[in-house]
């Protein structure tokens, strides 16, 4: 079957109402509380899209802050920083150019590709196809629907056997983190492709099941392709507010809305009106609750920062098995680096990246899943959320090593 080809520029014309031409992404060095106050002042006077950390309230001394500024505010922001002697560098000088550079060719096939970013419709068709093509290893089920009525699919990967221990992996919590769903697709492909070729994969799939949720926030993901590439929240409506969406990784009942989250519907860190208020988070949580007897590990895949995190993020307390979790991610990070030399940092969420309540990894850990981790994939900020397709293969290859390392440890340390 011949694949239809379309110009990337045409696709991009439909991908966003905001063209981002002239927009910039900055990295600011925060030395002390005076700099923290200046960043918060800037956020109060200009429309700042924080990339890392998630909001002005999470800025702290002796860190760096990455944020995205609209073209009309660039001059004012740079003048403000210079007048206050705040050091900054421009990570992306024109966001529009970076958007176009995500795609590694001027033409793209309409079919599915593991080394391209795929639209939701393409991913959905792939889900059906991969289950049809691999009936001995893959089954698909619908665990719920999104706010806009799209089916949420989970793929169960493993050799059929009753009551097998399982590992749950989800991708695409935040809509603009396109590399995340790309990894879930890659994981499924490699699992079925290497089952009869690699003894370690065969052992994993014979002894464990893997539940893979390729895209959690489907509505938001679709919106990044059709309207606004920088969207991150869900697309639900709120009574009494014109602002849409909830930050899904602030919507779980784990220190809900206590820190690193907002009760304002217009905030990018809005925690929602209640825990699990979002159809997407409720469906995910219900599935895990219904399978708690078998799920032994939980991995949620995000970007960016090159980090492996474990609980807690909503509190500075350490988990009971802190030493075990730290040793495990240390080994996984070392394994990941063997392929392309990519360096990951690791540790508890609150101290390693920033405090944030309502996360799915903290929630799953508190449900009794003692191997619960968040991956923050490539890169460390040069491309940020706009990682080029040319890096998909390497990112997924190295992440696969880390995930298999953790999975094998879980297989050997069942509880």
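Glycine is treated like the rest: Cβ placed from N, Cα and C.
The active site, proton donor/acceptor annotation in Swiss-Prot covers 376, and the record cites sequence analysis as its basis. Mapped onto three states, the DSSP output places residue 376 (active site, proton donor/acceptor) in strand. Cβ neighbours of residue 376 (active site, proton donor/acceptor) (same chain, under 8 Å, six or more residues apart in sequence): 302, 303, 304, 305, 306, 307, 308, 309, 353.
Every protein chain shown contributes to the tally, and the Cβ of residue 304 (substrate binding site) ends up with 23 other Cβ atoms within 10 Å. Taken from Swiss-Prot, the feature substrate binding site applies to 174, 175, 176, 177, 232, 249, 250, 303, 304, 354.
Here Swiss-Prot flags 174, 177, 302 as Zn(2+) binding site, drawing on sequence analysis. Sequence-distant neighbours of residue 177 (Zn(2+) binding site) (same chain, 6+ residues apart, CB-CB distance under 8 A): 232, 302, 303, 304, 385.
Taken from Swiss-Prot, the feature disulfide bond applies to 171-184 (among others). Other Cβ atoms within 10 Å of the Cβ of residue 171 (disulfide bond) number 29 in total over all chains. According to DSSP, residue 171 (disulfide bond) sits within a strand segment.
In the three-state DSSP classification, residue 266 (disulfide bond) falls within coil. Annotation comment: Swiss-Prot describes 243-266 (among others) as disulfide bond, evidence class similarity to another entry.
The feature disulfide bond is assigned by Swiss-Prot to 257-271 (among others). Using a 10 Å radius centred on the Cβ of residue 271 (disulfide bond) and all shown protein chains, the other Cβ atoms total 27.
Summarising the annotation, Swiss-Prot assigns domain 'Peptidase M14' to 116-410.
The annotation signal peptide is assigned in Swiss-Prot to 1-13 on the grounds of similarity to another entry.
Counted over all residue pairs in 174, 175, 176, 177, 232, 249, 250, 303, 304, 354, the record's binders of substrate, the longest Cα to Cα distance measures 20 angstrom. The two recorded residues, residue 250 (substrate binding site) and residue 184 (disulfide bond), have Cα atoms 22 Å apart. What surrounds the Zn(2+) site, by Cβ distance within 8 Å of the Cβ centroid and not counting 174, 177, 302, is the set 172, 173, 175, 176, 180, 232, 249, 301, 303, 385 from the same chain. Nearest neighbour of residue 171 (disulfide bond) by Cα distance, taken over the disulfide-bonded residues 243, 257, 266, 271: 271. Secondary structure from DSSP puts residue 271 (disulfide bond) in coil.
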